[in-house]
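Written out below as structure tokens is the structure these notes cover.
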């Protein structure tokens, strides 16, 4: 059984703790080692009167049981005084439970100004005042847990409680924003809607129901949400009588009710009402970004359905003939010089690491095969979008605050030099009318002398400039391609650093959106977002690693569509499908499941002979029989072995010096699994050994450690895990 949850040394402030729920919270926290501030004004359930006896009785009860507590008798509107009591007595504040409340129930028409105001002051303003007083202290100590107390009345409404309902749902809105602002400082805020008997509810509930809904049936949820090991943040929970349920927002898929070059009408709303209100296949947005985001994907959908922006009498920003003069316009040529240092800086910015030995060629100029990552070719060309660039094109007026990077194509004609100077020539290839904006398609060619090294195509969306009657598609635009519908052939993951955007911007993209919290907030994001081209670089590196063994000479081209933003610190998961020399892929944020790069692919230069990344079926290899036997043996004892080993081993079996087959022994997930092919996720240890030497190890003729030190067995990753190989091969590989 797991150890009990303790709060030793934590300082907990509970408001309205003189009775009911607050008393139950205070006693429960104190029983588990917390230092408790028991706040209660001492008035009745209507907020009339005051006194010290209620808080004093709870403090005395805690002390009798061996706990530590102090009383506070101030109104929650004096939040600073409550927090000062905690600081003066115990020196810190870790947990705030906003529980204090009163009732002034009246039918709506009978609510007086006083009835309305006092409810807002105690419930909403009081919680604000107390939490604000504690906030900076929690930020400085990089820790805090906050509970807001809402109500079923606030969530669903209740007759006679308009004032109470408004305040209670307001607390949920307050909590939702505190979640966003407190996340970086490890401050969690959750909201509960309790059903419990108290001096407030005893006037509206039958006596036997009040008795059944004991506060002690709510307190355990509050304690769990306030414990340092609880990762829940931003949740809304109904709780009572020993039952707990979590709530979330749900939104219909809705309907688009406007058509190309036609006004939007109330009749169109009426005619689509059933679809607008249909919760089949509903979405469940978890943030304002999810609610309003995904604009590029939406615009592509609008484009494919032939739907345009709604004109309301405003003149379009330009006409087709005006933009026609822009198409074909050549921007001034420019040079991009770079050294090995810039190549290394870029590689680090897109996640290359010395933790992966095969990445050394990208981060160490002294490596025998030092190479520049292929996607650095975008860095070479991006100056065409900055430093004047598009802003100086005659006839093209752009508000760069409304520019979104929609798609990117890069093609290499030979590997990028490890250093040098490339001359770049840019041209406006086309302009498309997407109704609610325009898409500018720009081609950039980069030369070393007269030799073409790489070609970029930038597709940027400018919000609010469309509707001029121009064409919606272009044969010049490199097409994005949907990924296959089958499960991916390979998946790689990398967790980005909190400093990822700060590091990547050193490669030349200095947009403050990616570093300045204030600028990001103005743009509608809770914090600075990662560069889309940084995610692009991570994804391309995953494909190169998985299917080309980091051989940059095999990289031919890449096309991506940017779908959603990524926040530094999130985990990027690249899902890949191999079809010939084309690797389809999409990239997700592992924590949310959001697709951030979609309809993407990498084209590889074909190779002759056996491919190191696409192993044969392993025919005529003795090792295939052994792996099959290990798989059969693990079916009965897999879970026990997983507990002992807790690792994923990827095997590269060679024949005549070439990789002839790959196998994975997954002893980390579920009941274990053995399958042919690379690890579905990331392997903890990758082992390369010949088919003959593998059989020698299995038969006990060759010790794995001796094989490693003699060079006959090569391991990368966590090589200490290879010590467990003897147990695996000895016990489960007997033929």
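Every residue, even glycine, has its Cβ placed from backbone N, Cα and C.
Marked as active site, proton acceptor by Swiss-Prot: 164. DSSP assigns residue 164 (active site, proton acceptor) to a helical segment in the three-state reduction.
Residues or ranges marked as substrate binding site in Swiss-Prot: 151, 705, 723. In sequence order, 164, 165, 168, 193, 194 constitute the residues six or more apart from residue 151 (substrate binding site) in its chain with CB-CB distances below 8 Å. A coil conformation is recorded for residue 151 (substrate binding site) in the three-state DSSP classification, outside any helix or strand.
Cβ-based neighbour count (10 Å, all protein chains) for residue 512 ((3R)-3-hydroxydecanoyl-CoA binding site) stands at 14. When secondary structure is read from DSSP and collapsed to three states, residue 512 ((3R)-3-hydroxydecanoyl-CoA binding site) falls in the helix class. Annotation source Swiss-Prot lists (3R)-3-hydroxydecanoyl-CoA binding site at 405, 406, 434, 509, 510, 511, 512, 513, 514, 532, 562, citing similarity to another entry.
Annotation comment: Swiss-Prot describes 623-735 as domain 'SCP2'. Mapped onto DSSP classes, the domain 'SCP2' (623-735) shows 51 helix, 34 strand, 28 coil.
Annotated N6-acetyllysine per Swiss-Prot: 46 (among others), in sequence order, evidence recorded as similarity to another entry.
Positions annotated as N6-succinyllysine by Swiss-Prot: 46 (among others).
Per Swiss-Prot, N6-succinyllysine is recorded for 57 (among others), and the stated evidence type is similarity to another entry. DSSP assigns residue 57 (N6-succinyllysine) to a helix. Within 10 Å of the C-beta atom of residue 57 (N6-succinyllysine) sit 16 other C-beta atoms, taking all shown protein chains into account.
Annotation comment: Swiss-Prot describes 68 (among others) as N6-succinyllysine. Other C-beta atoms found within 10 angstroms of the C-beta of residue 68 (N6-succinyllysine) number 15, with every protein chain shown included.
In sequence order, 133 are the residues near residue 84 (N6-succinyllysine), counting only same-chain partners six or more apart with C-beta under 8 A. Annotated N6-succinyllysine per Swiss-Prot: 84 (among others), in sequence order.
In the three-state DSSP scheme, residue 275 (N6-succinyllysine) falls into the helix class. Swiss-Prot lists 275 (among others) with the feature N6-succinyllysine.
Per Swiss-Prot, the feature phosphoserine maps to 304 (among others).
Residues annotated as phosphoserine in Swiss-Prot, with similarity to another entry given as evidence: 308 (among others).
Per Swiss-Prot, N6-succinyllysine is recorded for 355 (among others), and the stated evidence type is similarity to another entry. Cβ environment of residue 355 (N6-succinyllysine): no same-chain residue six or more positions apart lies under 8 Å away.
The feature N6-succinyllysine is assigned by Swiss-Prot to 423 (among others), with similarity to another entry given as support. All chains included, 15 other C-beta atoms sit within 10 angstroms of the C-beta of residue 423 (N6-succinyllysine).
If you look up Swiss-Prot, you'll see 564 (among others) marked as N6-acetyllysine, on the strength of similarity to another entry. Counting every protein chain shown, the Cβ of residue 564 (N6-acetyllysine) has 23 other Cβ atoms within 10 Å.
Just so you know, the Cβ of residue 662 (N6-succinyllysine) picks up 22 other Cβ atoms within 10 Å once every protein chain is counted. The N6-succinyllysine feature in Swiss-Prot is assigned to 662 (among others); the stated evidence is similarity to another entry.
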If you draw a 10 Å sphere on the Cβ of residue 164 (active site, proton acceptor), how many other Cβ atoms land inside?
-> 26
What DSSP gives for residue 562 ((3R)-3-hydroxydecanoyl-CoA binding site), in three states, is strand
List the Cα distance (Å, whole number) between residue 423 (N6-succinyllysine) and residue 564 (N6-acetyllysine).
-> 32
Min neighbour Cβ count (10 Å) across recorded positions 275, 405, 434 flags 275
Of the binding-site residues listed as 434, 510, 512, the one whose CA lies nearest the CA of residue 275 (N6-succinyllysine) | 434
Rounded Cα-Cα span from residue 68 (N6-succinyllysine) to residue 434 ((3R)-3-hydroxydecanoyl-CoA binding site), Å = 66
